[in-house]
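What TrEMBL lists as transmembrane segment is 39-58, 94-110, 131-152, 158-176, 183-204, 219-240, 361-383, 389-408, 420-437, 459-478.
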Amino acid sequence: MAADPKPEEISHPPMDQLQGLEYCIDSNPSWGETIALGFQHYVLALGTAVMIPSFLVPLMGGNHGDKVRVVQTLLFVEGINTLLQTLFGTRLPIVIGGSYAFMVPIVSIIHDPSLMRIPDDHLRFLRTMRAVQGALIVSSSIQIVLGYSQLWAICSRFFSPLGMVPVIALVGFGLFDRGFPVAARCVEIGFPMLILFIICSQYLKSFQTKQVPILERFALLLSITVIWAYAHLLTASGAYKHRPEITQINCRTDQAYLISSAPWIRIPYPLQWGAPTFDAGHCFGMMAAVFVSMIESTGAYKAASRLASATPPPAHVLSRGIGWQGIGILLDGLFGTMTGSTVSVENIGLLGSTRVGSRRVIQISAGFMIFFSILGKFGALFASIPFPIFAAVYCVLFGLVASVGLSFLQFTNMNSMRNLFITGVALFLGLSVPEYFREYTAKAYHGPSHTRAVWFDDFLNTIFFSSPTVALIVAVFLDNTLDYKDSARDRGMPWWVKFRTFNGDSRNEEFYTLPFNLNRFFPPS
């Protein structure tokens, strides 16, 4: 008869820092490898940077040239915001990219009757862009005030490992509609991309060249190169010649019109579309998107810290990051990027996939964003990669970020009925409520909140369109009202409390201290 297993054989001790990464937040690969990894992060960031303007610019009356200029501007400001965040914000290895959270208020501005009545398409595009810019400039004040006043740090004291699990998990899971549903729009390139990326990054990860696991480290670049060439072969051979237009848009490599419309050299500059216009209704709707972006980024910061093998960011570092993100949204408004900023979830997933959480890699990728946004033709070449190729990679990377959220359960007691209830209800409602709002909007062409006060509708619809925001509202409310006094240990608070303050753990200084000795002027709390 076999002996009963020992407790250490069936359970695993909780770990403050994720093990198994080749490079953590402040260790760096060789310069050649760092540059190649930075370029890989840049290519991945292109997906969202092209997708958002491709959807919004035609609705505004813009042409292919306008779309290219918006993509260039978005990438340019993304690069600046990423550098600011990695140098002076949370200092985590995160890319600051365009956000889908701003879609609801922006589409509402586009359909404003006063703008829709403008007969000239180009003039309507410019007026709409200026209205969006004005709303972004005003609403950015929310994150700037909450961040730099440390109010968000005070709010974060109500968070626990248990309350954060649904939020971080749904930062990844909540984007499920941007994964396989988009990859399946051109299944002949989307599905091979998914399979090839998994094979290179997981099954062939032990293959090494000069002691570098080259297939694991550069799985994204290799897979995209192979499948992009395959897609180009299909396009050139006439495989899509008689296919429906929607198939051609998603599958062909010559449908983006970015290369032909892009200038050779162009430097984006503030107020390039004209002076922003300000409308109170537009600003209120946009404020909800800024609030949603703040919650999504909070979850993303926690995930990034884990995949960079760092400790969870202390409350004041979290707040500092939100303040700089607010500055980023202000820059979005000044330059006219057509959307606000948030942490790029797919780039966080790539940290885990490559097992490189180096800050320097992300700073190099920011350099690529700025460089290729100025050299228009070269940037447009990479930006013409078909969307299903990116969506196939998202299936893996979004899932990886979601699983990092679930890993915080190791610090809680999951034999507690209370914890099971909170986790299950927050996760379910975080998926179910936004799905209801999406389905309702698709059928009725407006959200469930549909009153005469358009700003109020935009505010509510934006909040409940976001899975992490719904999860945070539900999880934090339940976690702080249900038997919370007697359940501190079950919630994981004894582990969490030492990371609340900068001086609570000696490792915080290594990971989160400001460069250039700036902590003398901004002492951590």
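For all residues, glycine too, the Cβ spot is worked out from N, Cα and C.
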Contacting positions for the transmembrane segment (39-58) when only residues 6+ beyond its ends and CB under 8 Å are counted: 66-67, 70-71, 74-75, 78, 95, 97-98, 100, 103, 106-107, 110, 125, 218, 220-221, 224, 256, 258, 338-339, 344, 346-347, 350, 354, 361-362, 364-365, 368-369, 372, 382-383, 385, 387, 390-391, 393-394, 397
Top Cβ-contact partner of the transmembrane segment (420-437) among 183-204, 219-240, 459-478 (pairs under 8 Å): 459-478
Considering the transmembrane segment (183-204), which listed stretch of 158-176, 219-240, 459-478 counts the most C-beta pairs under 8 Å: 219-240
